[in-house]
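A short worksheet on the structure shown next.
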Amino acid sequence: MEFIHQPYYPGETIAAIATPPGEGGVAIIRISGDQSLEVAAKIFSGPIFSYRSHTAHYGQIYNSSGEHVDDVLVLIMLGKRSYTGENTVEIHCHGGSLITRKVLEVVLAAGARAALPGEFTFKAYMNGKIDLAQAEAVQELICAKNEKALGAAESQLKGSLSNRVLAFQSTLTQIAAILEAWVDFPEEGLEFATMDELDQDLERTAKDMEKLVNSFHNGKILHDGLSICLIGCPNVGKSSLMNALLDKDRAIVSPIPGTTRDVLEDHLRLNGLHIKLSDTAGIREANESVEQEGIRRSKKAMQEADLILLVLDAHKGLEKEDQELLKQVPFHKTIVIWNKIDLNPRNLPCLEVPFLVHLSAKEKIGLEELHQTIDTIIWQDGPPSKEEILITNVRHKEALIESIESLRRVKIGLRHQVSPEFLTLDMRQSLLELGKIIGTNISEDILSAIFSKFCIGK
């Protein structure tokens, strides 16, 4: 079901369970809309209309037949002081799938409509409580996988990204006004000093926007986590290294080549980041069909991974199959690992690779060096600070890139004395793209795609 394509009426009253499904001490049913109090009054034992905003009251819920359903606490939030900007009632009932569903059914029978995914946050956006970037931050807050991602989402929810976009818009609006005046009063022309100032303002703003675009690298890592793939020939110790990184026996370790036939995945936290770790089948020339399929999947996992750990056997040294693998991996995202250094290998060849680590997965020697090397590759310019504004949403990145492209066209146009009518068109387009980020100019299809990702009840 598409969200925005449903008829939307600002005063329509909606309801949904706002807490996760399953058993628990307390569950919350949220009601929001102009008729929230009227709906609650039909089913709650207390004098709903006499309650002040942001007060909680104990009472009972009854169905239309007068049968007792549950003892509850009701929380009243009136008008603009609520999350949605509309009258809101929260019913705090006993947790558990059955009782929670029964209370919701009573609420819906009293006149509320079942909420669509993200509809409460959509109401908050429509009622001016938050802009679109802040609305998206709500979802990112819920889905945050680590402390840094949580901090970035909180910052965006408080308006850090929105304020930066508004600052860009303010500067560009002033430039657009000058260009519009040039169109309206061509006989006045533009002073060369003004032309130079415009060029400088455009360049400075474009560079500031590019910094924000470049923050997407770190933002995406915080938001999505990182996928790391272990590859290598059979019996080089990939499974042992996976177990060492996970600090548990997840993969079967065997001296028999080809034990790992499929991609084995697990998750861990490394320096606060969410990591998906994949152990793959040993890559070699194989005749058996099942092993061939495992090798094909290994190569696919290698291509899709954010980071590759290419494991070599230090005891055996560099073999022909290892050399072939070294030719296939992209070194900018590959750490080459000499494993089994506990066996005192001698005369290891010097490998000219950017990232090289010596360790023993079996004895857990050198793991800290591996952690540090992973950090070095992940954070190209160092980890982000708490104060840094990051974009974590590809939609924001694309809008900024389009806005910058329009500014570049204006700069080129000024340099080549292009008619101001064409320059103003590009300025408007740049502002239009920025407006997409905070929702001042956005299509219904995009809104539908954004809010449909939310859970029901948020």
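The backbone N, Cα and C atoms fix where each Cβ goes, and this holds for glycine too.
Take the CB of Lys458 ((6S)-5-formyl-5,6,7,8-tetrahydrofolate binding site) and look out to 10 A: across all protein chains shown you find 19 other CB atoms. Per Swiss-Prot, (6S)-5-formyl-5,6,7,8-tetrahydrofolate binding site is recorded for Arg30, Glu90, Lys129, Lys458.
The domain 'TrmE-type G' feature in Swiss-Prot is assigned to 225-379.
Cβ neighbours within 10 Å of Asn235 (K(+) binding site), excluding its own Cβ and spanning all shown chains: 20. What Swiss-Prot records for Asn235, Ser254, Ile256, Thr259 is K(+) binding site.
Taken from Swiss-Prot, the feature GTP binding site covers 235-240, 254-260, 279-282. Counting every protein chain shown, the Cβ of Ser239 (Mg(2+) binding site) has 24 other Cβ atoms within 10 Å.
The Mg(2+) binding site annotation in Swiss-Prot covers Ser239, Thr260, and the record cites sequence analysis as its basis.
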Exercise for the section: Would you pick out, from the binding-site residues Lys129, Lys238, the residue whose Cβ has the largest number of other Cβ atoms within 10 Å? Expected result: Lys238
Handout entry: Farthest-apart CA atoms of Arg30, Glu90, Lys129, Lys458, residues recorded for (6S)-5-formyl-5,6,7,8-tetrahydrofolate, distance in Å
Key = 19
Practice task
Round to the nearest Å and give the CA-to-CA distance linking Arg30 ((6S)-5-formyl-5,6,7,8-tetrahydrofolate binding site) with Asn235 (K(+) binding site).
Solution key: 56
Fill in the blank from the handout: The most crowded of the binding-site residues Arg30, Glu90, judged by neighbouring Cβ atoms within 10 Å of its own Cβ, is Arg30
Exercise for the section: Could you say whether, by DSSP, Glu90 ((6S)-5-formyl-5,6,7,8-tetrahydrofolate binding site) belongs to a helix, a strand or a coil region? Expected result: strand
